[in-house]
Amino acid sequence: MSELRFVRMGFGADRVEYQEAWDEQRRVHAARFVDEVPDTVLLLEHPPVYTAGRRTEDSERPLDGTPVIDVDRGGKITWHGPGQLVGYPIQKLPRPVDVVAHVRRLEEALIRTCAEFGLETSRVEGRSGVWVLGDPVEQRPVLGGLSLDFDPRLSDDEFDPRLNGPEYAPSNAGQRREDRKIAAIGIRVAKGVTMHGFALNVNPDNKWFDKIIPCGIRDAGVASLANELGRDVTIEEVLPVAERHLRDVLENAELKPRVIEKTPA
């Protein structure tokens with residue numbers, strides 16, 4: 001794969017308004033499609049903003065009328081703001097694009113980033129993003145001598161069966177306390193080129209998540225590097241580490257088109 005270009009758009013006092021970043025994404029996307037620029041990762045921090053993906057339900061929006069920007073990515077509603085490292089990888093991939101493989105690569109880079117700071121994270125079966133797993137529950141609920149197996153896959157609209165395999169922790173069917181998402185991922189692919197990307201919680205004020213159901217997932221919490229490690233962690237610390245792991249994972253990936261299974265005649 002060709003070398004990645006990283007663009008640091010703005011952090012801290014120079015945070016980038018969401019609309020400005022979205023416009024820049026579309027500009028770079030168009031340039032990448034015609035090979036005017038190489039694969040590019042925009043890295044930045046936003047002022048506080050809620051964005052809603054295409055599948056967001058009205059019931060998942062803030063109840064107090066807080067403004068929300070509707071965007072053309074997958075997924076549901078989320079928050080971006082101070083203390084969150086946001087990355088928008090704009091890459092040309094072989095068609096038909098294997099979106100799941102792209103998501104897995106972003107997850108891998110973020111898992112490695114968290115590990116470098118001493119935090120173990122994981123994927124969770126059926127759910128995108130990077131997670132801090134809840135502590136094991138010693139005993140599952142028992143009713144009338146029968147062990148109850150609450151399997152969220154039976155009723156969870158957000159469960160994606162494509163997100164599975166040995167690199168995923170089993171979906172939480174009550175065997176763990178609440179899992180906590182530390183990095184959200186939402187992707188759009190147009191003309192074989194990716195847009196949108198990830199948001200890694202470094203040291204945000206988590207009260208912003210209280211107004212919404214983050215990513216439409218009701219049975220999970222929100223994590224950050226600072227809270228999980230019990231110390232202050234800054235974006236300035238995390239930025240070069242995340243860049244390095246993104247470069248390593250994305251530049252060294254063996255890119256393949258999505259395999260389309262043929263239906264028997």
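From the backbone N, Cα and C atoms, a Cβ is placed for every residue, glycine too.
The domain 'BPL/LPL catalytic' annotation in Swiss-Prot covers 35-254.
If you look up Swiss-Prot, you'll see Arg73, Gly74, Gly75, Lys76, Ile77, Thr78, Trp79, His80, Ala184, Ile185, Gly186, Gly197, Phe198, Ala199 marked as substrate binding site.
If you look up Swiss-Prot, you'll see Lys181 marked as site 'Lowers pKa of active site Cys', on the strength of sequence analysis. According to its DSSP assignment, Lys181 (site 'Lowers pKa of active site Cys') is in a strand.
As annotated by Swiss-Prot, active site, acyl-thioester intermediate applies to Cys215.
Spanning the listed substrate site, residues Arg73, Gly74, Gly75, Lys76, Ile77, Thr78, Trp79, His80, Ala184, Ile185, Gly186, Gly197, Phe198, Ala199 have a farthest Cα to Cα distance of 16 Å. Ranking the recorded positions Arg73, Lys181 by the number of CB atoms within 10 A of their own CB puts Lys181 at the top.
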